[in-house]
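Engineer: Pasting in a structure now, in structure tokens, and then I'll have a few things to ask.
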Amino acid sequence: MDDGSPHLSDDIYFLESFESGEWTIESPQDRRLPRDNGLVLKSPAKLHAIASSMRQVFHFKDKPLIVQYEVHFQDGVDCGGAYIKLLSHRDDLDLTQFHDKTPFSIMFGPDRCGKDYKMHFIFRHRNPVTGLYEEKHAKKPSADMNEYFTSQQSHLYSLVLYPDNHFKILIDQSVINEGSLLKDMSPPVIPPKEIEDPEDTKPEDWDDRIQIPDPNTRKPLDWDDDAPRWIPDPTAVKPLGWLDAEDPFISDPDAEKPEDWDDSMDGNWEAPLIPNPVCTVAPGCGEWTAPTILNPAYKGKWKPPMIPNPNYQGLWKPRMIPNPDYFEDPHPFRMDAIGAVGLELWSLTPNIFFDNLLVCSDEKVAEQWTANMWEKKQVTVSSPGIFLKLLAAAGKRPWLWGLYVFTVALPVAVLPKRYKLKRVVGWWLCCGQFTGHGGLLEPISANTGCKAGTNPGQGASPPQGTHTPTHQRQFRIANAPNLHVFGLWEETGAPGGNPHRHRENMQTSLMEDPGSEPGSPNCEAAVLPLRHHDAHLTFYLTF
């Protein structure tokens, strides 16, 4: 059955849309396409590992490598990864024993723990001199990664490597990071030509003191190193009535030895102490001592002042020698071939949904697969337009309302009075995209000034062969209660009653004729498609 997916050509090395039922799979919680299944990480706070061989081994030679897959954190994510590993091709590779130490050539994908958001791109590079492998990490993206972990939507993660060592990392088809395998990895692929001599030692007479005590300064004769910092206050006087002979606490005369007290086991019993009642009416009890104050004669230990060291030789460093492990590798792209794809993950949050994992060597194939799978899903997602985004932003940051008012008032101030109100509202209208989903447009009444069956706004008429029963409605934007939308709800359907979606470009008349009535040809209006509904709204705004 042809589902629109690209043909499995020789340029595709791995493709798994999770439709075959080969693994434990399920539909996403917000399934938008029929037969849309994926691999789901189900258990919280546990290790997960699964791997599959590719259709053919990919050798890093003269073709690019494209890796892409979808991830949906259906329950959000607090701490966990959703990255994949492209496993190095080896004759002894046993996927039944796949674990965290299984050698990989590339590791790629999102990872989060707390406020630390990462987009991994790591490749293992072999030092041709030592034969040892070292992981090279891409620089951190400049984009804010927070939204990709908290948006509650599926995202498409893509990695493209080119034979000229250039790489690109994309999320939802937008580049968030790119660079060179030679210049933008840490640690660098090519080691330094010189290194510090590990056998070099600092000479014993090397003086690296920047300052030294002044040898010509002497301690003043009246300087007392032993003077205490605190002394008893010589001006303090014991308060009258102080009871020196009385203890502040006495044994409780009413206390009795517990019956189960065993002196041999518990020791000699003593009554608990209580405050001495005699002391409650006196300034104090017990031996009186004067409070302490800072000693005005205290100076601390004397130290000579510091002066620049005339013998300073600078900070010692070991001498540099040629790096015995130095090498030049102008083609780090030519890494170990890959023969399998694996997920080896741990996450505190379950229900991480993976879908449409593709490894190929032709960007056109990747574009076709994206168009047939990813973009189809996005068509069903209702995304707010600029107008609603501005409202949402102002809801979080109330100070933006002042900026909006200033932005609107500035051009309005130079217009004739009779144009001002509807012109400005129309301007806001032309930049918005409303949906009838999620309660954003709330019906209020059926009282409107537009005439039923009229078509304000040029070019807004439905196509021929459709019937357009019109209902006059008044709407209110839920998150802007003072802004009302008066308009016509037009149901668009084909003859015979089979509804279909008809999209119109948004039209608006910014130069409204003064004094025009709603419903006239010059009525300020706009036609916007309502997603999730086979209907349009033709409306104008007023207060």
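Residue numbers in this text run from 1 along the chain shown.
Cβ coordinates are placed from backbone N, Cα and C, and glycine is handled just like the others.
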Engineer: Can you look up which of CYS113, CYS279 is joined to CYS79 by a disulfide in TrEMBL?
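Structural biologist: Candidates were CYS113, CYS279; TrEMBL matches CYS79 with CYS113.
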Engineer: Do any residues, 6 or more residues outside the region 'Disordered' (187-229), come within under 8 Å Cβ-to-Cβ of it, and if so which ones?
Structural biologist: 125, 127, 134, 136, 181, 294-295, 297-309, 311-323, 325-329, 332
Engineer: Give me the count of other Cβ atoms within 10 A of the Cβ belonging to CYS79 (disulfide bond).
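Structural biologist: Total other Cβ atoms inside 10 Å, all chains included: 14.
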Engineer: Provide the three-state DSSP residue tally for the region 'Disordered' (187-229): helix first, then strand, then coil.
Structural biologist: 0 helix, 6 strand, 37 coil
Engineer: Tell me, how many other CB atoms lie within 10 A of the CB of CYS113 (disulfide bond), whichever protein chain they belong to?
Structural biologist: 14
